[in-house]
Every structure is written in structure tokens, then in C-alpha cells.
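Data block below; observations after.
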Amino acid sequence: MGEQPIFTTRAHVFQIDPNTKKNWMPASKQAVTVSYFYDVTRNSYRIISVDGAKVIINSTITPNMTFTKTSQKFGQWADSRANTVFGLGFSSEQQLTKFAEKFQEVKEAAKIAKDKTQEKIETSSNHSQESGRETPSSTQASSVNGTDDEKASHAGPANTHLKSENDKLKIALTQSAANVKKWEIELQTLRESNARLTTALQESAASVEQWKRQFSICRDENDRLRNKIDELEEQCSEINREKEKNTQLKRRIEELEAELREKETELKDLRKQSEIIPQLMSECEYVSEKLEAAERDNQNLEDKVRSLKTDIEESKYRQRHLKVELKSFLEVLDGKIDDLHDFRRGLSKLGTDN
């Protein structure tokens with residue numbers, strides 16, 4: 001078309017099955033580009049999608065179209081001119097919401113464009129009718145009010161102007177008649193398409209009711225199966241609990257058997273020990289006698305130690321006494337030595353005097 005897209009997104013394209021009017025048929029193998037365009041030549045808005053070289057959507061938006069969200073990621077609209085229903089599957093709910101909002105905006109713009117076109121057509125039609133009514137009256141007025149001389153002087157230019165106006169009116173009337181015929185055909189096509197779409201919608205409604213009944217049956221069956229699954233899971237839980245109890249009992253039995261084997265081993269050891277008890281008793285008596293003898297020897301040694309301690313104390317006492325006596329003797333000796341020195345000095349002095 002040579003126009004830039006107003007809005008572009010990507011989606012999986014589907015069309016309703018023309019035979020059953022119930023099932024969706026994929027129009028694209030993968031997500032393709034879906035765009036809104038404004039057709040300047042026809043003053044209309046279109047939704048166009050191309051998969052490679054194949055045009056899979058070329059839908060003209062009209063004010064009576066409605067885009068319906070049927071799930072979180074799927075929406076559809078009916079195209080009466082194409083006699084089909086388009087469906088789009090998006091990768092996210094956000095993309096679906098944006099597409100639906102843009103559809104509403106474009107539908108409002110299409111309504112405004114249609115109203116303007118209708119006003120232009122009505123204005124053109126009214127102008128043609130007024131021109132057709134005014135032409136005879138003006139001719140009549142000129143013939144009544146004018147004189148023979150005036151008729152002669154103005155006949156040439158007036159006829160030329162009237163012919164030109166008549167030619168324009170003929171062309172306008174021809175175009176209007178052609179447009180009216182075209183609109184009648186388009187209106188009849190729209191009525192037939194609306195009738196087919198109404199039938200398809202009624203069949204779809206019946207199919208929806210049937211799907212609802214089937215869904216209700218499936219839901220009841222699903223609930224029954226879920227309850228059965230819950231019962232089986234409960235039974236499995238009980239079986240697992242019993243298995244766990246059995247495992248615990250087996251483990252306890254193994255532990256008790258191990259303890260029993262240990263007790264039997266201890267009993268054997270005790271029996272072996274009981275066989276050597278008499279020998280141990282005799283050895284114990286022998287050791288007791290040795291212990292008593294050692295205790296007696298120890299007692300004797302302790303007595304000797306106490307005696308030696310007494311002797312040591314007495315020896316220390318005598319040493320202290322001897323030290324005192326020795327000290328007194330030394331003091332006396334020192335005094336005697338001092339006296340002897342004094343006596344020598346006296347003798348020396350006497351010898352000197354003689």
C-alpha cells in the first residue's frame with residue numbers, strides 16, 4: 001500500500017473453519033507480523049498480515065466490528081466482508097491488551113471517517129438537486145422578464161452556460177447513480193454477510209453451549225478422578241506408613257538380635273571367668289599375704305624413720321649447744337689474746353726503759 005503502519009505486533013494467526021464454524025485453523029506456522037494501516041485512497045483502516053508472499057489477513061475495519069478477548073492471550077473479531085472470523089494468539093497478555101486498545105482506537109477513527117464521507121456524499125447530492133431545480137426557473141425568468149432584443153443579445157452565452165451546467169449535472173447524476181448502485185450492492189453484500197455471520201454466531205453459541213455441557217461433564221469426571229486419586233494417595237500413604245513401621249520393626253528386631261548375641265558373648269566370657277575363679281582366689285590370698293608382709297615391713301620402716309628423725313633432732317640440738325659453747329670459748333680466747341698482747345707491750349716497754 002506504500003503507507004507506514006500505525007501499529008505493529010507479532011502473533012499466531014487463526015481463521016475459523018468455514019465448514020464447521022467451530023474449530024480454529026492455523027493460518028501461519030509461526031508468529032507473524034500483524035499491523036494496522038490507513039488506506040488514504042479509500043479513507044479506511046485495515047489490519048494486514050503477510051506470511052512470506054502470502055497475505056493471510058486483509059481486513060477492513062468498520063465501526064460495527066468488535067474485538068473480543070476469549071482468554072488471557074487470545075482474541076478474535078468477525079469480518080463480514082471476508083465472511084470469516086480471525087483469531088490472534090499472543091505471547092503475553094500485555095500484547096493482547098495493546099492490540100485490543102489499538103483496535104478500539106482505529107474503530108473510532110473509522111467511524112469518524114465514515115461519517116465525514118457520508119456528509120460529503122449528502123452535501124454533493126443536495127447541491128446537485130438544488131442545481132437541477134434552479135436551472136428551469138432561471139430560464140423561465142429570463143424568458144418572461146426579457147424583451148425580444150434582450151433575448152437576442154443574451155441567447156448565445158446563456159445557452160452555452162446552461163449546456164455546461166447541464167453536462168456537469170449529468171456527470172454528477174451519473175456518478176451519484178453509480179455510487180448509489182454500488183452502495184446498494186455493498187449494502188446487500190453486507191446484509192448477506194451479516195446473515196451468514198449471524199448464523200455462524202448462532203452455531204457458535206450452540207457450540208459454546210455444547211462445549212459448556214461437555215466441560216461440565218469433564219469437570220465432574222475430573223472431580224471424580226481427583227477424589228479417586230486422593231483416595232488412592234491416602235491408601236498409598238497408609239501402605240507407606242505400614243512399610244515404614246515394618247522397616248522400623250525389622251530394624252528393632254535386628255538390634256535386639258545383635259544385643260542378644262552380645263549378651264551371649266558376655267555370658268560365655270563370664271562362664272570362662274567362673275572357671276578360673278578358684279585360681280584367682282588362691283592368687284588373691286597369696287597377694288593378700290604379701291600385702292600384709294609389706295605393710296609390716298612398711299610399719300617397721302616408718303618406726304625406723306621416726307627414730308632417725310628423733311636422732312637428727314637431738315644431733316641438731318647438740319650442734320646448736322656446741323656452737324654456743326664454741327662462741328663463748330672464742331670470746332674468752334679473744335680476751336686472753338688481747339691480755340697477752342698487752343703483756344707483751346708492757347714487757348717491751350720495760351726492756352726499752354732499762
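In case you wondered, yes, glycine gets a Cβ from its N, Cα and C as well.
Given the structure is predicted, the values throughout are model-derived calculations rather than measurements.
According to Swiss-Prot, the feature domain 'WH1' maps to 1-110.
Here Swiss-Prot flags 92-122 (among others) as coiled coil.
According to Swiss-Prot, the compositional bias 'Basic and acidic residues' annotation covers 112-122.
Under the heading region 'Disordered', Swiss-Prot lists 112-166.
Annotation comment: Swiss-Prot describes 123-146 as compositional bias 'Polar residues'.
Per-residue confidence over the coiled coil (160-329) averages out at a pLDDT of 81. Residues or ranges marked as coiled coil by Swiss-Prot on the basis of sequence analysis: 160-329 (among others).
The DSSP breakdown of the domain 'WH1' (1-110), given as helix, strand and coil counts, is 18 helix, 51 strand, 41 coil.
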